[in-house]
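*Asks:* Submitted below is the structure of interest, expressed as structure tokens.
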Amino acid sequence: MKISDLSIKRPVTTIMMVFLVILLGLISLGRINLDLFPNLNFPVAAVITEYQGVGPHEIETMVTRPIENALATVTNIKSISSISRAGQSLVIVEFNWGVDMDFAALEMREKVDMIKRFLPDDVENPLIVKFDPSMFPILQIGISGEEDLVSLKKTVEDKIVPRLERLEGVASVELTGGLNREILIEIDQTKLNNYGISLATVTQTLMMENMNLSGGQIVWGQRELLVRTTGKFKSIDEIKKILLPTSTGFVALEDIAHIKDTYKEVQNLARLDGKPSIGLTIQKQTDANTVKVSNLVKEELKKIKAELGDKLEIAFLMDQSDFIKRSIGNVRTNAIVGGVLAVLVLLLFLRNIRSTIIIATAIPVSVITTFSLIYFGGLTLNMMTLGGLALGIGMLVDNAIVVLENIYRLRQEGLGRIEAASLGSREVGMAIVASTLTTAIVFLPVIFVKGIASELFKELALTITFSLLASLVVALTLIPMLSAKILKVSKRVASSYENGKVYSGWIQEKYRKSLDWCLSHRLSVIILLIVLLLGSLALFPKIGAEFMPEMDEGEFTITARLPRGTVLEQTNQVVEEIEEQVMRIPEVETIFTNVGSAGQIISESSPEVGKVMVRLKNLKARKRSTAEIIEELRQNLRIPDTEISIEARSAYVGGENEAPISIKVKGNDLKVLEDLAVKISQEIAQIPGVREVKDSISKGRPELQIEIDRVKAAKFGLRVTQIASAIKTAIRGDIATRYEVDGQEYDVRVRLKEENRKSLSHIKNLLIPSPLGAKVPLSRIATFEISQGPKVINRENQVRYVEITADIYNADLRSVMKEIQRRLKENIQLPDQYEIEYSGQFEEMVESFKSLVFALLLAIVLVYMVMASQFESLLHPFIIMFTVPMAVIGVILGLFITGHRFSVPSIIGLIMLAGIVVNNAIVLVDYINNLRRKGLELREAILKAGPIRLRPILMTALTTILGLLPLALGIGEGAEAQAPMAVVVIGGLSCATFLTLYVVPVLYSLFEEMGNKVRRLFKKQYESTKVMS
């Protein structure tokens, strides 16, 4: 090829170009963003609408349904789901993959704007939010110290949070825990009534007294003075002395109330390793480098800690960058080890240092070139891109082996260095281009198939393609140039080569004899192949299937839910018991506790919920996996009246892990749905391997409902809002004003003292001030009822549903779901217009499998088309394609022996395999064709081509297999994602390579003889027809 001739004639130019590529690659490597996985642009957006004081049924009718109906006309929608709860509506829209979400969000805004005038007048403006993985935190930090919680929180707010927020790439820093100071004024209801004062009067007076106002300007002599009235409170004593107007004069606030400088009622509690603490949650900006942002935060915290001395103890509870660095470092190590093993294989076969060095240069040059293509292609350095390099590391020398071997052969025939290098590269140039195309073209369907699997593995496919194309260019330029310059030929090696020897002549001789036997017993070989294929297929159901392999990040969260209405103190006692059990586990490194926060997108304060976030020691420092530790805790954590769930952090989508099992029961009647959900939960809980069965039935919080009699209230000149405001001020309290000290402002809260608001009788006797001057007992204008609070209403595609979710342990998802479907079909009778739908990870698995199996079939067709173009034949590529079912035998055996389940990475490995396994058969069939063109008989050509091509076939197969071996072992953090791919390729390639050496020659001879018979028959008929005419 001309490019090879040019590189041979201009060696200095070739070397300079290689150095330029290496320089660009190293510069690119320093600039590529580091992340765990590719940026996933999930096609999901939500409409959040607030409508305070309204129940879920009204929210569903007046807000959720109109918005759903409007959004249903938006293009490219896959599904619409919604959650209607008291005061809030959340409508979630899932689009088809590949949709431009900026345009989709704009279209959603237009549709919502069109129906806004039909929504209630006092509803808040609907907010449209696009789902972004950067919404999930990259760091969770616990801070404790010797200071009390007030001082600690002030230190964190003043000296830590502002400095972290200023760092490049930090989007937000959220603080939890600590105590907030406030001035609490608790009124004595009896004294208030005696003086004829209302709570509203107290609130208004405090607000009007605590002011600094400008009075304009005056001229005094030669100067202009600003007039300002300073009336803000300077001390608590000033507040105590405030005079309130009565019918007989004035009374001091301290005479009717107890005023104290205290803290707000605690809504949530935070602890670090059992000690009271402050929690910080850090989110990065969308395009920021996770590792870089994390490092900047850590460096800044080190500086802050050094400045503050030993007052603070800082612990990282969740650190995405730590797992990213360990995982990527592990993949990098596996790639290096694989590359070294591949080079050792070359040295073993070639037994020539110079030849090994020439071929081995293809690995680092191709890899560094790939870094440039990754950078300019806008990809990140993540588990998928590095995994692609690691998977392809052994294949990077394949083209170089073919080129060098051909050059070597020509040197043995007496050609000079330059002539052999030029002619040798030209002879095989088109062959290695076709071979590279068959390997790379299989990834084309993966890039264009839609879905999460495609989004996740697209960068892996692109990286392998980049590296293979780089290795092709290296094989056609650098390898011929180096061969012309430094390749030496040993007579001893030449003799071995000419005789087709690999390491010792007996290997070829044994292979030739066995091949001769196979050609004489073709039917037996084909029957044996069919038996092996059917036997392996019989094993397939025992392998099991899952969506993605679980990755052991060493982090999990325990969530404890007590009955609705449980007070914070009781929840805290339960969580403390959980903490004690967790801290006894030797593998635990750090725990962070948060009591009183539900952690939902839209949620109220949840005093009945407690979360314990656990971080384990590194995988190398512990013997048990995260899943094993979680299972032990599930068995031990049995607390009465407490629902406990444990969820491992997922590496795939910002830590949020969709339930493996998700069953939606759809219908209109909530009571029927709830009954069905209970029955289904009981059924699936009995299935082995199923854990933590939960349903979405919302258990309303117990509440005292006060219903105002509008007619009676109107007689006293009262409206519902006035009464509700008076009740709120009396019980929860009202923020009357703000008290400023040392530049900090604190709330001044007014409410009744506890003795006047702690029971139902006190609430009934609450006096409501009337505009007509009377004080009206609440019991005269209202009725009281204790009942369950409003529930949550879930809808999908405008139909109500209840969801049942569950986790699995020591079981595969496909088998469990098959058993669930069988049980529900036999034991659950659905009323008319009610249906069951399976979603969660199972739905994702089914959809991904469908799209990727389609991609696999398309890849096989593309490989056939490339080979047909190469051979200018339809028959020979058909024979070569039989290597694919041969590979399936090894794939199933590999997965069965290693215990890996069939998953999305396994299918990606199959697609990759479809492009690899045909290469050995291409080499063999191509050489058989060449010998037959030289005049050899069919059997003689096969028996000669097999032993001679045995070495390149074994070399290319072994370099690929050993290059993948470190990944297949799955050792270290993050290895779980690549291990199934590597096992599939190793198993399939090993089996296909062995069978290719026998089955392909047998099929070739069989089809050629059948073709010859058909040709002779047609020729005979043609000649007889010619004679008759």
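Along the chain as shown, the residues are counted starting at 1.
Any Cβ shown, glycine's included, is placed from N, Cα and C.
Pulled these from TrEMBL:
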TRANSMEM  12-32  transmembrane segment
TRANSMEM  331-350  transmembrane segment
TRANSMEM  357-377  transmembrane segment
TRANSMEM  383-407  transmembrane segment
TRANSMEM  428-448  transmembrane segment
TRANSMEM  460-482  transmembrane segment
TRANSMEM  519-540  transmembrane segment
TRANSMEM  849-866  transmembrane segment
TRANSMEM  878-898  transmembrane segment
TRANSMEM  904-929  transmembrane segment
TRANSMEM  950-969  transmembrane segment
TRANSMEM  981-1007  transmembrane segment
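Describe each of these features in terms of where it is and what it packs against.
*Replies:* Through the fold, the transmembrane segment (357-377) approaches residues 18, 21-22, 24-26, 28-29, 31-32, 335, 339, 342-343, 346, 350, 385, 389, 393, 396-397, 399-401, 404, 462-463, 466-467, 470-471, 473-475, 478-479, 482-483, 486-487 of its own chain, all at least 6 residues removed from its boundaries and within a Cβ separation under 8 Å.
Packing against the transmembrane segment (383-407) from elsewhere in the chain are residues 36-38, 327-328, 331-332, 334-335, 338-339, 341-342, 346, 355, 358-363, 366-367, 370, 374, 420-421, 424-425, 427-428, 431-432, 435-436, 439, 456-457, 459-464, 467-468, 470-472, 474-476, 479-480, 483, 487, 912, 916, 919, 923, 951-952, 955-956, 959-964, 966-967, 974, 977-978, 981-982, 985: each is 6 or more residues past its ends and has a CB under 8 Å from a CB in it.
For the transmembrane segment (460-482), same-chain residues at least 6 beyond its ends with a Cβ under 8 Å from one of its own Cβ atoms are 1, 3-4, 6-8, 11, 14-15, 17-18, 358-359, 361-362, 365-367, 369-370, 373-374, 377, 379, 384-389, 391-392, 395-400, 402-404, 407, 421-422, 424-425, 429, 432-433, 436, 439-440, 443, 446-447, 908, 912.
Within the same chain, residues 434, 437-438, 441-446, 449-451, 453-454, 545, 877-878, 881, 884, 904, 907-908, 910-911, 914-915, 918 sit at least 6 positions outside the transmembrane segment (849-866) and bring their C-beta atoms closer than 8 Å to a C-beta of that stretch.
Here the transmembrane segment (878-898) has long-range neighbours at 529, 532-533, 536-537, 539-540, 542-543, 860, 863-864, 867, 906, 909-910, 913-914, 917-918, 920-922, 925, 968, 979-980, 983-984, 986-992, 995-996, 999-1000, 1003-1004, 1007, meaning same-chain residues at least 6 beyond its ends whose C-beta is under 8 angstroms from one of its own.
Sequence-distant contacts of the transmembrane segment (904-929) (same chain, six or more residues past either end, CB-CB distance under 8 Å): 391, 395, 398, 402, 431, 434-435, 438-443, 445-446, 453, 456-457, 460-461, 464, 547-549, 845, 848-849, 852-853, 855-856, 859-860, 863, 867, 870-871, 876, 879-881, 883-884, 886-887, 891, 895, 941-942, 945-946, 948-949, 952-953, 956-957, 960, 977-985, 988-989, 992-993, 996-997, 1000-1001, 1004.
Nonlocal intrachain contacts for the transmembrane segment (950-969), taken as residues 6+ away from its ends with a CB within less than 8 angstroms of a stretch CB, comprise 331, 333-335, 337-339, 341-342, 344-346, 349, 387, 390-391, 393-395, 397-398, 401-402, 405, 500-502, 507-508, 511, 898, 916, 919-920, 923-924, 975, 978-979, 981-983, 985-986, 989-990, 993, 996-997.
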*Asks:* When each of 12-32, 331-350, 428-448, 981-1007 is checked against the transmembrane segment (519-540) for Cβ pairs under 8 Å, which one has the most?
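*Replies:* Looking only at 12-32, 331-350, 428-448, 981-1007, the most contacts with the transmembrane segment (519-540) come from 981-1007.
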*Asks:* Using Cβ atoms and a strict cutoff of less than 8 Å, what residues sit near the transmembrane segment (428-448) while being 6 or more residues removed from its termini?
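*Replies:* Hits for the transmembrane segment (428-448): 1, 4, 395, 398-399, 402-403, 406, 454, 457-458, 461-462, 464-465, 468-469, 471-472, 475-476, 852, 854-856, 858-859, 862-863, 866-867, 869-870, 908, 911-912, 914-916, 918-919, 922, 926.
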